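What TrEMBL says about this protein:
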DOMAIN    16-308  domain 'UvrD-like helicase ATP-binding'
BINDING   A37, C38, P39, G40, A41, G42, K43, T44  ATP binding site
Amino acid sequence: MTPQIDTDLAGLQRHRQAAIAQQASVVAAMAPRIVIACPGAGKTRAIVERHCASPKGQPTGRAVASFTKVAAAEIRRRAHQLGRSDLLEHPHAITTLDGFFWRFLVRPFLPRPTNSNPRPFRRLESWRDAPRELRQFTYLPDPGNPKARYAFDLAEFQFRYVAGGQAPVATLTGLERVERGRKQLTDDQIAAVCQLAAKRRTTLANDEHMFTGEETRRAAYNFLTTYADRLADTLAQRFHELVVDEAQDCSDTDVELLLRVSALGLPLLVIADPDQAIYGFRTQGPPAITRLLATADVIHLRGNWRSSSVICGLAATMRAEPDRRVADTALADHHCIGLPVHLIAHANGAEIAVFHALATTAQIPPAQRLILAHASATLPGMRSGSRRPPPNPSLALVWAVGILRQASADQRTRVLAEQTLQTAILRHWLPDADRAASVDLHDNHGVDRWHLRRLAARALQELPDTSTPMAAWCSAAREVLDILPPAPTVGTPLGIKLTTPSGGGNRAAGTLAGLTKASSEGAECRTDTVHQVKGEEADAVLVLLPDDERTVRLLSHWTASHPSGPATPSGRDSEDAAEALRVLYVAVTRAKRLVALALPEQHIPAVNQHLGTFGVHVETTKS
Ligand SMILES: Nc1ncnc2c1ncn2[C@@H]1O[C@H](COP(=O)(O)OP(=O)(O)OP(=O)(O)O)[C@@H](O)[C@H]1O
């Protein structure tokens, strides 16, 4: 089918001017205001412009809270360009929503350390930031058989507080439920493990004073009631508005907190694309954002500055509301590029080579390609568990170096690798590194986290190639670590030295650490989960849909809709499928020019026909 291409230049100019005028109204509007936008409409750009238009020397600042780092990074870049570093400093605050709740609603009201509990309160991004010995625990299913031991980490569980409950409920699903021999554990045993995890978490919050997002929100909720008058004063003295970006991902609790903040007199500018809500599993029932949308006048941002007309057409087929299943107007210079949507049948990984070939033909370099999946287990080269460091500390360091030297490693794995590298430096120098949290390392040894990051970057440059035999690798690594003291006060390395795992001295370090070799194109092209690339963009995107039940449900949910048909049905299964479809929507809307879907061959005819019904230019490409 011929692609629908807007070749009318005058029409394009009109659309662009209208879209620019809409963006200008977002920049200038007085809060409270709601902004609803389609993908690529320039939400991030409008937030950055609004902030950068702030006059200098104002007594109050703006808080910008987002779920992604993209807006914050853009504001930093623009402020730097404009010579306006003041836009990043007090009284402004550019942070995550969690960070905003913690800094302004929770931390000021937490009790001071006492003699009986001198630990300061701290917020953790994830349980991985807690000391290893606190977050890890062992489950012995049979007390008479101490050899049957299973190690767990709080970071592997999902937690939620149920209404009225004081303690969180833990669940263990996905790979974490079955890997490392856990498949043998019965559901009752896993339930017992989950109870242990919930108990451990409560202890960490109550006794160790460690808060993650849930504890932060619960405390914020209480303090907003108890200290409402004080908060009304302090927030008004500091800020004239709070911008909430990516608000479609607010949970019920987030919305409740924001409504309370707004009721205290801080005006909100809420920016959302309801079709991009991909954290629905945090909230059951209708999207939480619906309650916020009714609180102020709405500005719509229409027109997509990122994607081609074909990609806009593809995205429209995935929207839940029938009246929104109309393609957004493509406004980019490449709006009329004639590249179809490619459907590629799974073929033992050959589909990835096909994608690279298509991108090469379209003159899109590997660095501008993105390979995405809903779950990390679907990503190439990652099924073997190479996303986690091996338990042996020497191999963990080799793993971290290998991951950080691959451009293709996904964001979450890179963060873990960076932490692993920093931990290796600390373990080498400090006797108590495994038992202390990063805050304590600062208090007890003067370890500065920025300095530690710089050391890790230096170590990454100087540590040997991972193809080196393990024994030689370890001895060279010890020499590198020896010259990287993590604080001025520590002059001698007193920690645990790296040792060669027994029997592995002559084998390549990378092989022992479970690193897989990527092809040269694969090494330069980023692979990631969709949740990690929100707000980002790339010229070419390949989305991998695995051969599983979730894909079956997702595809039948998607292909059940018609251009003017009814909204797709509700119910728990349909909600899961609808969320999976929104994840797919976010994935394809990252693309500027080329989109390919790799899926099991048997589903291709239905998807092909479905896209044809909507008039989307589609091609089936053989692997
Ligand atoms: N007025 C404009 N003129 C030219 N390019 C623009 C304009 N507005 C946005 N863009 C470009 O369009 C792309 C998408 O913009 P942006 O990332 O701000 O959109 P978004 O609404 O935040 O997208 P999403 O929600 O899908 O992540 C970017 O490359 C941006 O530079």
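In case you wondered, yes, glycine gets a Cβ from its N, Cα and C as well.
Cβ proximity to the ATP site centre (mean Cβ of A37, C38, P39, G40, A41, G42, K43, T44, cutoff 8 Å) flags the following additional same-chain residues: D273, L301, N304, W305, R306.
For P39 (ATP binding site), the Cβ neighbour count at a 10 Å cut-off comes to 23, with all displayed protein chains included. Counting neighbouring Cβ atoms within 10 Å of each of the binding-site residues (G40, G42), the lowest count belongs to G42. If you take every residue in the domain 'UvrD-like helicase ATP-binding' (16-308) and average the pLDDT, you get 91. Cβ neighbour count for A41 (ATP binding site) (all protein chains, 10 Å cutoff from its Cβ): 26. For K43 (ATP binding site), the same-chain residues lying six or more positions away in sequence with a CB closer than 8 A to its CB are V35, A37, D245, I271, D273, L301.
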